[in-house]
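Student: Per TrEMBL, the feature domain 'ABC transmembrane type-1' maps to B:58-253. Under the heading transmembrane segment, TrEMBL lists B:62-81, B:93-117, B:129-147, B:235-254.
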Amino acid sequence: MNTRLMTSAIAVGTLALGLSACATDTTTTKSGVKVIKDGQLTVCTSLPYEPFEFKKGNEVVGFDMDLMKKVAEANGLKMAVTVTGFEGIQSGQALNSGTCDIAAAGMTITPERQKAIDFSDPYFDATQALLTKDKSLNSLEALAGKSLAVMSGTTGELYAKDKAPKTVELKSFEDLGLQTTALTTGQVDAVIQDNGPLLDFAKKNPDTFVTAEFQTGEQYGFAVQKGKNPELLASINKVLKDSKADGSYNATYKTWFGTEPKS
Amino acid sequence: MAMTPRKRAQVSRAIQYAVLVVLVLVLAFTADWATLKAAFLEPALVAKQFPEVITLALKNTVLYTLGAFVFGLVLGLVLALMRLSSVGPYRWLATGFIEFFRGVPALIVFIGLYFGLPTAFPGRQLPGGTFGTVTIALGLVGAAYMAETIRAGIQAVPKGQVEAARSLGMTQSRAMVSIVIPQAFRIILPPLTNELILLTKDSSLVYVLGLSVSAYELTKFGREGLNDEANLTPLTVAALCYLIITVPLSIVVRRMEARAERAR
């Protein structure tokens with residue numbers, strides 16, 4: 001075979017490979033739920049977000065992950081976790097591009113996000129909280145002239161943009177890990193985030209404090225691709241409802257938060 | 001099959017064209033253009049990116065890149081001369097620096113500088129805020145690459161040039177500054193431009209530093225737009241803005257090269 005024919009052959013081969021890689025066929029399980037990979041429930045999440053999702057050894061564990069395992073079991077599937085950026089999750093791109101079946105990332109249900117993704121029933125009540133090293137910084141007003149770390153694409157960022165005085169310098173970070181490191185190394189004066197992970201962080205780092213919580217009435221939901229997977233959505237909602245009824249939701253809650261949920 | 005070599009070449013070329021055409025057609029017909037356009041090029045959202053994408057994002061990208069390039073070029077020249085020095089410790093120091101910053105991902109250099117310095121020296125930060133940090137972090141990485149380019153350029157200047165300069169009574173360093181380095185830079189113009197283009201793109205790594213809105217560059221600006229709109233159009237706009245910087249740069253350099261060629 002001469003080189004030219006070889007190049008043509010390679011070109012055709014690449015084309016075939018490329019096209020087969022593009023095809024994102026979904027398969028359907030016995031329970032009628034569509035998944036991108038046979039026998040597997042692929043979950044997108046964004047790390048670190050202790051205690052909702054974080055790495056322990058080589059495994060991603062946490063409150064969200066335990067609930068996801070229940071959803072996978074209910075459909076006879078195995079759970080697999082794909083770690084992606086939060087902005088891809090909240091903008092719906094991770095689901096639309098066929099990266100995963102379901103997104104579980106401690107994500108607040110908001111009207112803007114609902115335009116891009118379908119949310120399950122709420123499974124967790126959250127508030128925004130302030131983490132600082134200085135106990136006197138206990139409100140957004142007290143931060144005037146100081147810097148505040150927000151995480152890109154989160155409701156905390158929106159809340160700070162909306163409510164903080166104009167003299168507060170907002171610095172946007174990629175993830176919770178960079179936010180908290182910026183605080184501990186003195187690059188920012190405070191961090192705004194959902195209360196769950198911040199309370200957890202303050203517990204483990206005695207020189208940091210959660211000095212304020214803001215009731216925002218936020219609720220977390222799991223997400224599936226907009227308009228494409230009502231069966232999976234129904235299955236998630238059923239699992240949430242059943243686990244609340246049989247007490248296993250409370251047990252999982254206690255595992256990760258140390259207390260039973262207030263209700 | 002009896003075919004003259006010429007005939008065979010023609011047939012083979014025809015096959016290659018056919019494969020290319022088929023490839024393009026298959027892509028053109030199988031792609032979901034409507035969805036693609038809705039996700040990547042929504043006219044209403046394109047309009048929404050202006051004027052900030054230029055006045056803020058493009059401006060910052062250019063500033064960060066130039067800062068890093070100038071810092072990197074100066075440091076790179078020093079490092080190149082150190083590497084060519086006859087004094088051992090200079091050579092070892094420069095080699096160590098180059099191996100480290102060329103071998104470590106720029107992202108890690110950014111994080112290391114941003115979080116490492118204030119940890120090592122509590123309460124201290126790099127001067128110049130975000131601009132200062134980018135200039136130094138990206139400049140260190142750029143310097144490592146440019147040092148090697150400059151060294152190669154200096155070594156490519158014919159030895160006779162130095163000998164001629166010396167015989168005219170110039171000192172070694174005089175000959176270096178007036179004769180060798182100017183010629184070296186003419187030789188390495190293309191790879192230096194490459195480095196400038198790479199730095200332009202790497203300036204997007206600034207996103208790992210906490211950024212206030214006024215410090216957003218093109219990529220961060222585009223991603224923030226992606227967050228707000230749940231649509232990829234802002235990233236497309238950012239990508240086009242990068243081309244506004246890099247394509248003319250390539251053209252200018254090609255012209256300069258052509259002129260240098262003629263002047264020979």
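Yeah, the Cβs are placed from backbone N, Cα and C, and that goes for glycine too.
Describe the structural context of these features.
Tutor: Non-local neighbours of the transmembrane segment (B:129-147) in the same chain are 63-65, 67-73, 75-77, 79-80, 83, 94, 97-98, 100-102, 106, 109-110, 113-114, 192, 195, 198-199, 202-203, 205-206, 209, 211-212, 215; each lies 6+ residues outside the stretch with a CB under 8 Å from one of its CB atoms.
Using a Cβ-Cβ cut-off under 8 Å and counting only residues 6 or more beyond its ends in the same chain, the transmembrane segment (B:235-254) has close neighbours at 40-41, 46, 49, 53-54, 57-58, 61-62, 65, 189-190, 193, 196-197, 200-201, 218-219, 221-223, 225-226.
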Student: Which residues of the same chain, at least 6 past either end of the transmembrane segment (B:93-117), have a Cβ under 8 Å from a Cβ in it?
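Tutor: Sequence-distant neighbours of the transmembrane segment (B:93-117): 79-80, 82-83, 85, 124-126, 133-134, 136-138, 140-141, 143-145, 147-148, 202, 205-206, 208-209.
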